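To start, the structure itself, in structure tokens.
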């Protein structure tokens, strides 16, 4: 891509970003990102989060989902967040920076969780997209498979899982796998999710050990 095309594309993105009503509302309410409205809508419909719960948030930076989850679970609950990117501290959130695909990071994450089991696993993870669907989709599916593996390790019986998934190759098989593991599975496309995006959220409740 030429520099001029990149510049024009970046300019369009910035204009869209700052004109976005969800960006403006997030700033007004003191939230870190527009992504908060996705988990807020999921919460209103599916009631995943409750006071006193333990929540794991994967791909947490810049912290919108963790910020919202911490408000809901309150002082009696806890939110354990992990991301390869750095994240400023948040009240009620224990943050671990690192790639949980690495054994040392995974062990550190599990240490923060144990001996308790987790009530909810959240994942808003996505790879850096290149625009090449043939390479982007497998990388995205790899991340959601890792999130599901985390559920198998830490999720309590009847626990819940909400994960961002991009529709495409591997989606149907992944959905079938989740249906085998949970009693109730729904697909959500929050209003704040951009129409052109292939992202949807699989919301699963009633984890079956």
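Just so it is clear, glycine is given a Cβ too, placed from its N, Cα and C backbone atoms.
Keep in mind it's a predicted model, so treat the numbers as computed, not measured.
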Residue among 46, 99, 136, 172 sharing the S-adenosyl-L-methionine site, where Swiss-Prot lists 63, 65, 83, 124 as binders: 99
Roughly how many angstrom lie between the C-alpha atoms of residue 164 (active site, proton acceptor) and residue 124 (S-adenosyl-L-methionine binding site)? 5
Fewest other Cβ within 10 angstroms of its own Cβ, chosen from the binding-site residues 83, 99, 124: 99
Near the Cβ of residue 65 (S-adenosyl-L-methionine binding site), how many other Cβ atoms are there if near means within 10 Å? 29
